[in-house]
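Colleague: Take a look at this one; I'll ask things after.
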Amino acid sequence: MSEKRDVEEQDQIRRSPAPGHSKPSRFSLSDEAAPTTVEHAALPDQGRQAGAVPGAEKVTEDGKIIHSWYGPDDPENPFNWSPTYKWVLTVTICFVSILTGLPAGSYGAGSSYYASQFNIQETPFDNSIWATVSWNLGAALWPLIFVPLTESQGRMPGYFGAYIVFVAFLFGSAFAQNYATLVVTRFFGGGASSVSINIVGGSIADVWKGDKARSLPMSLFGFTSVAGIALGPFVGSVIVQIHKSFPWRWIYYIQIIYNAALIPVFWFILRETRGDVILARRAKKLRKELPDTPVYAESEINRPSVVSLLKHSFYRPAKMLTTEPVVIFFTLWVSFAWGILFLFFSSVVQTFQSAYNFNTLQTGLVQLAISAGALIATFINPLQDSLYQSSARRNRERPGKPIPEARLYSSVPGSVLFAAGLFWYGWSCRSDVHWIVPTCGIACVGIGIYSIYLGVVNYLTDAYEKYAASALSAASLGRNVFGAFLPLASKPLFTNLGFGWAGSLLGFVGLAMVPIPVVLLSKGEKIRASSPLMSESSYDDEEDNARESSYVRAHSARNSTSVSDTV
């Protein structure tokens, strides 16, 4: 009788999750209970030890027990969180991308006040633009250093670390006593802002499984990435209009107040989304509960060093920017569009004040047209996603999988609208033409910026698969550098060439880039086949299935012990 009871107790140990692992998180991320763990029968010593470990998947050659999910329905797996919470999280992090993007554009609303207080020279060159340059240089460099660390350390430390630094340097900008301090604090603030925004895309991929499920969340993220920055001039102009005493400082005071107030709200709503990190934390907890058991998450085995991560973070994007034609041309394409976004912050003020005698608030309202254009493109994007999914039927390379070039359908008319909007804006911004006409041209540019940005992000992700992060880092570096330096040309360009020809010059450059997506649509398969890096980076069918369904493999070898050859 006693022996039977002992057997039952051992069986219960094998089948039950460890303490602290049986309940869903306090947000009820999933309605499913944690399923039972793998049953190990007739195992060697390490295998019998693994049999008592919840989520034990396999044993390595050196005796480490690999901890994985408690089966396909594990409620702590982000893919299994309830759709309601996934959307709460997605909307929240997209809201974060708006909040951290606003200071990039709101700075310009106070430029005349900076110039007056700090005696900034505006002729022959507008030196107040250097604070925009420093913001974008920070945005270009910081993600290369810190975003890769979130892969191993977790998204939440990345979000909150960057967000707290972001708020701290808003303080520094608000209380700056000279222009040099403002330039330096905006470098760090822009870097922290960019880190937060860059993590959002990773979090969306962490919780939404499959391209189809991710399409709407990524479309929303694309909109907030553009709109967050584009809304800045309007927000700044409203604050300047309300607070007549030290108006430029109030731009920062207000942003400090609402950003600081929202930190505890975000802390309450958000959860760690990186699956590897969740498993590593569970394994660490199991090691404390079972001190003699060498249980580890797979990501903890042969984890790359920080130095190695940083090396790859810099080296591979730099290599791709110099050796991969697709990355080179796509970076130029999206970088020019991003540069125009920041150039408009100064050119719209110059042109509308000159042609229509608009004040700061009115020019801020005009710049809402960029966000309106991005919103229109967001509503059109489901059609683009539908065309992308339907391309799977004619994929000869990998039947059943959508063609990467199908990501670019909407970016072709978007690129044409982008260039046309620049011509439209330049030539219609005259006192004898109603102000709504050039504003519509600006809206077309907004449609184009969104279409180009989302097309580049999605195509590079599909085309470079394993190395998508490096390709996106290269493009991000380029677009932020353009965002830093292209606005320097705004005032000389529109002053010396006139509004019409300045808009035309920019429009011709935009037209010259329209063939980039067209060539990929017509020759994309040959171009990908001719690129060794693209071929190397492609997942085979088995890897692709494992990438999307890795959470199932914990129980794919039930009643057996597997030994990892390459951990």
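Note: Cβ is positioned from N, Cα and C throughout, glycine not excepted.
A TrEMBL annotation is a machine prediction, not a hand-curated record.
Checked TrEMBL, it gives:
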type	residues	note
COMPBIAS	1-14	compositional bias 'Basic and acidic residues'
COMPBIAS	557-567	compositional bias 'Polar residues'
DOMAIN	89-527	domain 'Major facilitator superfamily (MFS) profile'
REGION	1-56	region 'Disordered'
REGION	534-567	region 'Disordered'
TRANSMEM	87-109	transmembrane segment
TRANSMEM	129-147	transmembrane segment
TRANSMEM	159-180	transmembrane segment
TRANSMEM	186-208	transmembrane segment
TRANSMEM	220-244	transmembrane segment
TRANSMEM	250-270	transmembrane segment
TRANSMEM	326-345	transmembrane segment
TRANSMEM	365-387	transmembrane segment
TRANSMEM	408-427	transmembrane segment
TRANSMEM	433-456	transmembrane segment
TRANSMEM	468-489	transmembrane segment
TRANSMEM	501-521	transmembrane segment
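Locate each feature and note its surroundings.
Modeller: Distant neighbours of the transmembrane segment (326-345): 104-105, 108, 132, 136, 226, 229-230, 232-233, 320, 367, 370, 415, 418, 422, 442, 445, 448-449, 452-453, 456, 459-460, 463, 471, 474-475, 477-487, 489-490, 506, 509-510, 513, 516-517, 520, 527, 531, 534; these residues of the same chain sit at least 6 beyond its ends, with a Cβ under 8 Å from one of its Cβ atoms.
For the transmembrane segment (365-387), the list of distant contacts is 105, 212, 215-216, 219-220, 222-223, 226-227, 230-231, 233-234, 237, 341, 344-345, 348, 352, 358, 406-407, 409-410, 414, 421, 435, 439-440, 442-451, 454: same-chain residues at least six beyond its ends, Cβ to Cβ under 8 Å.
Same-chain neighbours of the transmembrane segment (433-456): 218-219, 222-223, 225-226, 230, 330, 333-334, 337-338, 340-341, 344, 348, 351-352, 355-356, 358, 366-367, 369-374, 376-378, 381, 407-408, 410-411, 413-426, 475, 510, 517, counting only residues six or more beyond its ends whose CB sits under 8 Å from a CB of the stretch.
Long-range contacts of the transmembrane segment (468-489) within the same chain: residues 125, 129, 132-137, 139-141, 143-144, 147-148, 194, 198, 201, 312-313, 316-318, 320-321, 324, 327, 330-332, 334-343, 345-346, 456-457, 460-462, 537, each at least 6 residues beyond the stretch ends and with a Cβ under 8 Å from a Cβ of the stretch.
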Colleague: What parts of the chain pack near the transmembrane segment (87-109), using Cβ distances under 8 Å and only residues at least 6 beyond its ends?
Modeller: 81, 131-132, 135-136, 139, 159, 162-163, 166, 170, 173, 186, 189-190, 192-193, 196-197, 199-200, 203-204, 207-208, 217, 220-221, 223-225, 227-233, 235-237, 239-240, 248, 251-252, 255, 258-259, 262, 266, 269-271, 273, 342, 345-346, 349, 360, 364, 367
Colleague: Are there residues at least 6 beyond the ends of the transmembrane segment (186-208) whose Cβ is under 8 Å from a Cβ of it, and what are they?
Modeller: 78-79, 81, 86, 89-90, 93-94, 96-97, 100-101, 103-104, 107, 131-132, 134-143, 146-147, 150-151, 155, 158-159, 162-163, 165-166, 169-170, 172-173, 214, 217-218, 221, 225, 228, 273-275, 457, 472, 476, 480
Colleague: Do at least three CB pairs under 8 A connect the transmembrane segment (501-521) and the transmembrane segment (250-270), leaving out pairs fewer than 6 apart in sequence?
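Modeller: No; fewer than 3 Cβ pairs under 8 Å.
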Colleague: Given the transmembrane segment (408-427), which of the listed stretches 129-147, 159-180, 220-244, 501-521 has the most Cβ pairs that are under 8 Å apart from it?
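Modeller: Result: 501-521.
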